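K.L.:
Feature table excerpt (Swiss-Prot):
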SIGNAL    1-20  signal peptide
DISULFID  C51-C260  disulfide bond
DOMAIN    71-256  domain 'TR mART core'
BINDING   Y108, R164, Q183, S217  NAD(+) binding site
DISULFID  C159-C208  disulfide bond
ACT_SITE  R164  active site
ACT_SITE  S186  active site
ACT_SITE  E224  active site
Amino acid sequence: MELLALRWVLLAGTLLSTSAASSALQEGDLGSITVIMDMALNSFDDQYLLCEDRMRARLQMENITEFSTNIAYAVTWRQAAAEWQKRWGHLARPMQLIREQAIALLAYSASSRMCTLFNEATRQGGRSHQDYIHSYHFKTLHFFLTQALFALRASQPRCYYVYRGVRGIRFMTQRGKSVRFGQFTSTSLRKEATVNFGQDTLFVVKTCYGVPIKQFSFFPSEDEVLIPPFEVFEVINFSNDRGSVKIQLHSKGKMSTHNCELLKPQGGQWGRGHQEVGLGLSPGLSLPVLPCRRRVWEGLGHREGDPIPAAV
């Protein structure tokens, strides 16, 4: 009898230990992967320096083609255009941004589905000239987002301390390393706002080329700051405490390997673009796409009870 009682005690202890271990594993997110940060050299990082007017003229036809091949992009852009019309369509004075720039920011903030497709394409769109011309179907969005960030920064040039939580990826790096996100990256001025977007990695970032887009977002409460793909950061600090990664980055300039790519002759070789920091560039594996911040509302549908922007 005593032996039976002892077995029950041991079994109960085993079950409790298993339950505790299971809970701890859930908190650590078993689905997370480990990724080493790099300079994202496959990224399409065009800054369109000295070719803005020619790009606008060329993109008038490109946008029609892109809409026909990318339904998520087309639907989200139309919804963003409707929201622009509602907010600013009847203003008598010029806006801080031109219409297309404001719509691009609204579209980026509206749908995590389109954002994910866009970021995936942007991180690989710089592999070759042919890939960009024939396979990168976000040329218009990339151009107007880039121009919007430059315009907003010109009106208030300063640096911001921002935060970004990530679910599903534990990024690895080392102090002193130069890195880029290689995509348009959403961050927040409020640390508490990052918790809902994941805790496997926390980025604490000093950005000098990212700008607040609260005025041009479907979700102004997030206090979003959008960082461009060409900004270069130095890793100031890195820690990995029981599976929770914290990375501190400081802006050290900007670097693009491509410029005005759409205007180059077909079959032309890519030349090095605009560079403002001295970096030793070496080809390497491309960093997987940083997940888009989850949006409560999705541009291609919604869940019952979720708020939907009034323009839809």
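Along the chain as shown, residues are numbered 1 onward.
For all residues, glycine too, the Cβ spot is worked out from N, Cα and C.
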K.L.:
Checking the disulfide-bonded residues C51, C159, C208, C260, which are within 10 Å of S217 (NAD(+) binding site) at the Cα level?
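P.N.:
Qualifying among C51, C159, C208, C260: none.
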K.L.:
Would you identify the secondary structure of S186 (active site) according to DSSP, in three states?
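P.N.:
DSSP assigns S186 (active site) to strand.
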K.L.:
Given the disulfide-bonded residues C51, C208, C260, which lie within 10 A of R164 (NAD(+) binding site) by CA-CA distance?
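P.N.:
Taking C51, C208, C260 one by one, none has a Cα falling within 10 Å of R164 (NAD(+) binding site).
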K.L.:
So what pLDDT does the domain 'TR mART core' (71-256) average out to?
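P.N.:
Average per-residue pLDDT within the domain 'TR mART core' (71-256): 93.
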K.L.:
How far is it from C159 (disulfide bond) to Y108 (NAD(+) binding site), counting Cα to Cα, in Å?
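P.N.:
Rounded to the nearest whole number, the Cα-Cα distance is 22 Å.
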K.L.:
Tell me the Cβ contacts of C51 (disulfide bond) under 8 Å, same chain only and six or more apart in sequence, or just say none.
P.N.:
N259, C260, L263
K.L.:
Using DSSP with the three-state reduction, classify C159 (disulfide bond) as helix, strand or coil.
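P.N.:
Going by the DSSP assignment, C159 (disulfide bond) belongs to neither helix nor strand, so it counts as coil.
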K.L.:
Using a 10 Å radius around its CB, how many other CB atoms surround Y108 (NAD(+) binding site)?
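P.N.:
Excluding its own Cβ, Y108 (NAD(+) binding site) sees 27 Cβ atoms within 10 Å.
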K.L.:
Round to the nearest Å and give the CA-to-CA distance linking Q183 (NAD(+) binding site) with E224 (active site).
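P.N.:
Rounded to the nearest whole number, the Cα-Cα distance is 15 Å.
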K.L.:
Out of C159, C208, C260, which of the disulfide-bonded residues is least crowded by other Cβ atoms within 10 Å?
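P.N.:
Comparing Cβ neighbour counts within 10 Å for the disulfide-bonded residues C159, C208, C260 gives C159.
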K.L.:
Measure from the CA atom of S186 (active site) to the CA atom of Y108 (NAD(+) binding site) and give the result in Å, rounded to a whole number.
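P.N.:
About 10 Å separates the two Cα atoms.
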K.L.:
Could you check what DSSP calls C260 (disulfide bond) once collapsed to helix, strand or coil?
P.N.:
coil
K.L.:
Looking only at C-alpha atoms, tell me how far C208 (disulfide bond) is from S186 (active site), rounded to the nearest Å.
P.N.:
14
K.L.:
Test of understanding: give the count of other CB atoms lying within 10 angstroms of the CB of S217 (NAD(+) binding site).
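P.N.:
If we count other Cβ atoms within 10 Å of S217 (NAD(+) binding site), we arrive at 19.
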K.L.:
Please classify the secondary structure at Y108 (NAD(+) binding site) using three-state DSSP.
P.N.:
helix
